[in-house]
Structure formats: structure tokens, C-alpha cells
Amino acid sequence: MWMGVGDSSGSPKPIRIVVVGEKGSGKSSLIMAAARNTFHPNIPSLLPYTNLPSEFFPDRIPATVIDTSSRPEDKGKVVKEVRQADAIVLTFAFDRPETLDRLSKYWLPLFRQLEVRVPIIVAGYEVDNKEAYNHFSIEQITSALMKQYREVETSIQWSAQRLDQAKDVLYYAQKAVIDPVGPVFDQENNVLKPRCIAALKRIFLLSDHNMDGILSDEELNELQKKCFDTPLVPCEIKQMKNVMQVTFPQGVNERGLTLDGFLFLNTRLIEEARIQTLWTMLRKFGYSNDLRLGDDLVPYSSFKRQADQSVELTNVAIEFLREVYEFFDSNGDNNLEPHEMGYLFETAPESPWTKPLYKDVTEENMDGGLSLEAFLSLWSLMTLIDPPRSLEYLMYIRFPSDDPSSAVRVTRKRVLDRKEKKSERKVVQCFVFGPKNAGKSALLNQFIGRSYDDDSNNNNGSTDEHYAVNMVKEPGVISDTDKTLVLKEVRIKDDGFMLSKEALAACDVAIFIYDSSDEYSWNRAVDMLAEVATIAKDSGYVFPCLMVAAKTDLDPFPVAIQESTRVTQDIGIDAPIPISSKLGDVSNLFRKILTAAENPHLNIPEIESKKKRSCKLNNRSLMAVSIGTAVLIAGLASFRLYTARKQS
């Protein structure tokens, strides 16, 4: 158990094995002995690339073995080869202790400095004069080294008298690449690593067809045939159970193999040097060397879209996620607590929301738990901004479909939405623009139920973008008509934000928030609106724009209401929406944003394109506008002042 081993890689690309070490440590001799099955006492100081065909190795995967120079002046060439290596063979000679010392004093520290993260095999060259090293085994000699440098997979001894050992060195180097120990097993503590446990749990649950938490004899046989194309005979299963009852009683019962027993069996495979069997099973279920699902399993064609299209979860995926939530919300209190979330993602490499991007982006309960609305909102956000990651994690939590692409859909182009004068998008992305201290972060806090003075979303001078996501729904239960709103705060750089056309095309609605008590804040917000609307119009990806008058708990600047109303009327958008995050009064802003998105043909600023404006600028100069008078020229005075300033 398991019986039979198939090809665990299937990759035709040759594996690059780079041989490194001090002069006289046997680098070139090792390569020559392995490749030609003969020992040459007189060989060149540096061999050319040695290509070993697939027939050379049991796994029938070719390799290119690269000799390196020991001369200090050739260090740059060695570094280049090491950076491109799939595996490194680090050599020393038993009769030259200084070559062993250099492994820990120079070569291994160098590899760490270069951040080389490939398997390393230490090869000890045994000379004829055995008294030179007093019959110490290579395990005794290298044990301290391997404890200090865990990247060393194994150490192997070879000699000119036993040429098959030279082949073994290269074979182990290749196997360390094809079936690496490092990702799956903690050799210091002799336990499976967390990612390997997660992958094996997923395989166990996928193989447990009746979902009783046990792999029956029939289910074990199906797993065996899937992975190795060879069934188990009844006596083999019986023998496995008998051994398990003696060595690990909790691993088996009268109905079959438990999850703990399954993990125990796979641990034994590694301890018995049968790691290839484990990797064969992992790869049959789509895992790559980093124990994530391979790119070939993620249907990237499902995400092909134009710049003004987005990706959303389908109703099938949403219903699946609801069922998952209800299953792991063990007490049914509509609060998926952190430990319950941990159980949910036990079959994934880690939680998908550990990245800083997802920190503090949705509403959390006092204990850090998530309501169903917040849970679904996070999935919608991940699907919007990183569709492959979303689909990958749906597969980790066992989305029940042979076609993973059925979990997502690409929305209609926004240009077609405008022609139809309606949008059916269920996830709306709203870009939040505004000058510094206008109240952007406070608005995002308000949206996800955080306090007005919570500074977790404050940019603190950062130019990074920040998200907040939540469902905007009518009171009552969640329905298919509820929509998810994503607020994306666009941080302002010192030289202006100047988002690219492609970045702006993803915007469904833009709001421009300003401090209603500060005239400069108002003028800056108008400048931003003009710039954004112009870029959008020139690119052909226009979208509704709204002005938001924040901090209405403060006294407005003189003629604020009259001026803001006149400007918005002249450019064809709604009057500014008054809000006060401090008082918790947002005037139903979030519903108004969704309404604007549902009517993509409205609230489009009437702004001239740069081309038309350039022609007019050649024929007349722009009039200056005095502070407080706000005399508009065709409703675009603030915009033209901004343009004149940019061109001066």
C-alpha cells in the first residue's frame, strides 16, 4: 500500500544539475564517471555541458549536467549557473578536509546569499587511501552540516572503484527535483508539513465518496486505480489493516481507513524512501512542487475579457459557498469564527485572505468572525480582482463540478450596457477619488461598520490602493437580487494619480469626495473629476461619476452649495451627495452608487476630449477664475484652469 509507481512528472524538459565545489573535490571526475561509466585519471579541468538522455534515468527524464570552475576569477560564471540550476551537487573529497570545510564556510552561505532555493546534494569523493579519513561514514561527516543547512537534501558517497555510485549521485539530484522531500516532510521533526497535510486531506475527502469520514475497501481501490492504474487485491488491503492495527490503531476501524490512518500511511512512504509514490498521487490530483494546484487545472480561458468587463461568481458558486458557510458555522449563529474559518481552509495551502490586500476590507464581528454577507463579499472581491486565485481556492474547498469554469462568468461590456441603458452586474466596483483629508478612509470605514476614527484604513501617506467590500441589500434575508459593492480608494501620489486607461476601464462608478468646509478640497476634487473623465472619454470607457460632499457636520465654505450645484448641473451629473461619516449619516450613498451603476448611460460628465480641447486652446486663451466667484465657461472653468496649469 500503495502498489505501483507511475511517472511523477511527465515533463520533457531536461533537468539542470550544476556541480560545484573546490578544486580537487571530484567535480569533473564525477560527471565523467557517471556519463561514460568509466574512470579517467586525466580529464580536462572543466568539462563542457553533459547531456544525459532520458534512457539514462529510471524515470526517463533527461538531464543536463554542468561542470563549474573553481578559480576565483570565474565566480561570476558559477553564480550564473547556480541561479539557473534545478539542483546542485556540492562536492568534497574525503582526503582533503579543507574541501569539506569550504562547504559550510563558503558555498552554502553563498547559495543562501544568492537566495538559491533548489535541492542540494552533497557528494563525498572517496579516494583509494582509506586511512586518510579513518573510515568515517559520510553520514557521520555531514550530519552537523545537514542540521545547519536544511536545504541539503542528502549526502552520498562515491568512488572510482564503484562507478554506479556516481550515477546514483546524479539520480538523487534528479529525484530531489522531481520528487522533492522539502515541500512535503519536516526532516527535523519527522512529520508531514502543513501544506502536504492539507493536500492529503483534500485527496482523502475527494476519495471519500459517501462522505462518512472513512475510506472503505472499495474507495481505497478506486484511489489506487486512479493513481497507479493497478487495483489492490483483498489480501493486500487486509495486510495493510493488520499492520495498521498494531502500529497505529486509531488509523483503521471496522469500516476502513481513517484520515489519521491515511496521513500515517503517507508518512511511512517517506520514511521508507518511497516518496515517489506519494508524489505520484499528489500529481494525479493536480499538485505541483509547491503543493498548490497546477496552472493547467485552472481554466484561464474563463477569464478572457475586455478592459471594461469583469468576472463574477455564478449563482451555482454562490449557492455552494452558502452551503459551505452553513456547514462550518457549526452553531448556526451567522458568525464564522476564526477557528471555523481555519477548518474550512484545512484543505488549502493557507487561507486565501492572508495577503495584506484582504486585511480589514470587510465587516467583521467582535471576535473577528464573518457573517454570511461578509463571507460572500470577500469571495466576490477575490473573484473581481484575482479570478484565478478565487477559482483555485474554490477547487481546494471541493467545488462540486467537473468544470471549474462553471463557478464564474464574465460580465457584458460596459459599452453595451450603456447602449441597453441598464447593467445587470451583481458586483459593482466604485473608485473613490478625493484630495488628502477629504474623508475617503472614513467613508470606507463607515461602509464596513468600523468607527469613524478607526485608522486601520488610513493611508498614512501610502500610495497603495485600498478596498472595502460589503453587500448592499434591502432589510431581510440575502436574495439573488442583492448586489455587492466594492469601494476602491485611489491613493494620490505627489505627482498626481494619473491612472492608466486600462486601470480606469475597470471602474463601474467613480465618486469624487471633498471636504465641504474647504474650498481648496472642492476645487481639487473638480480637477480630479475633469482629469479622470477626460482619460475615460479618450479611452472609450466612460462611466457614471458622482460628487460627494463630506464632513457636512462642519460649516460649508462660502457659496459652497450654489457653486457645487452649478458645476454639476453644467457637466450633466447629479448634485453633490451630502454625508457626514462622523455622524454616521451617509444619505443612502451606497444605494445611490448602485443606482448609478444600474443606469450606466446617466451621470456621464460632459467633458471635451483632449483632441477637441487642444484645437480650441489654439484659438483662444482661458479665463482665470477668482477664488469664490467660480464663473464657469461652458461648465468647465475648473477643468480648464487645471489644464492650463498642467500645460504651463
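Just so you know, glycine gets a Cβ as well, placed from its N, Cα and C.
Straight from Swiss-Prot, the features:
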type: TOPO_DOM; residues: 1-621; note: topological domain 'Cytoplasmic'
type: MOD_RES; residues: S11; note: phosphoserine
type: DOMAIN; residues: 12-179; note: domain 'Miro 1'
type: DOMAIN; residues: 195-230; note: domain 'EF-hand 1'
type: BINDING; residues: D208, N210, D212, E219; note: Ca(2+) 1 binding site
type: DOMAIN; residues: 316-351; note: domain 'EF-hand 2'
type: BINDING; residues: D329, N331, D333, N335, E340; note: Ca(2+) 2 binding site
type: DOMAIN; residues: 425-599; note: domain 'Miro 2'
type: TRANSMEM; residues: 622-644; note: transmembrane segment
type: TOPO_DOM; residues: 645-648; note: topological domain 'Mitochondrial intermembrane'
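Everything Swiss-Prot records as a feature, shown here on the structure.
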residue	record	CB count, 10 Å
D208	Ca(2+) 1 binding site	19
N210	Ca(2+) 1 binding site	9
D212	Ca(2+) 1 binding site	11
E219	Ca(2+) 1 binding site	18
D329	Ca(2+) 2 binding site	21
N331	Ca(2+) 2 binding site	8
D333	Ca(2+) 2 binding site	11
N335	Ca(2+) 2 binding site	19
E340	Ca(2+) 2 binding site	17
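Using the Cβ center of D208, N210, D212, E219 for Ca(2+) 1, the list of other same-chain residues with Cβ within 8 Å runs, in sequence order, S207, H209, M211, G213, I214, L215, S216, G256. Long-range neighbours of the domain 'EF-hand 1' (195-230) within the same chain, counting only residues 6 or more positions beyond its ends whose Cβ lies under 8 Å from a Cβ of the stretch, are 2-6, 183-185, 237, 253, 255-259, 262-263, 266, 280-282, 284-285, 287, 290-291, 346-350, 396, 398. Taking Cβ pairs closer than 8 Å, the domain 'EF-hand 2' (316-351) reaches residues 195, 198-199, 201-202, 205, 291-292, 365, 367-372, 375-376, 379, 393-394, 396-401, 406-408 in its own chain, all 6 or more past its ends. For the pair N335 (Ca(2+) 2 binding site) and D212 (Ca(2+) 1 binding site), the C-alpha distance works out to 26 angstrom. Residue pair E219 (Ca(2+) 1 binding site) / E340 (Ca(2+) 2 binding site) shows a Cα separation of 28 Å.
According to DSSP, N210 (Ca(2+) 1 binding site) sits in a coil region rather than a helix or strand. Surrounding the centroid of the Cβ atoms of D329, N331, D333, N335, E340, where the record places Ca(2+) 2, the chain contributes additional residues within 8 Å, namely S330, G332, N334, L336, E337, G369. Here the C-alpha separation of D208 (Ca(2+) 1 binding site) and D333 (Ca(2+) 2 binding site) works out to 29 Å. In the domain 'EF-hand 2' (316-351), helix, strand and coil residues by DSSP number 23 helix, 1 strand, 12 coil.
For the pair formed by N210 (Ca(2+) 1 binding site) and E340 (Ca(2+) 2 binding site), distance between Cα atoms is given as 23 Å, rounded to the nearest Å. For D212 (Ca(2+) 1 binding site) paired with D333 (Ca(2+) 2 binding site), the C-alpha to C-alpha distance reads 25 Å.
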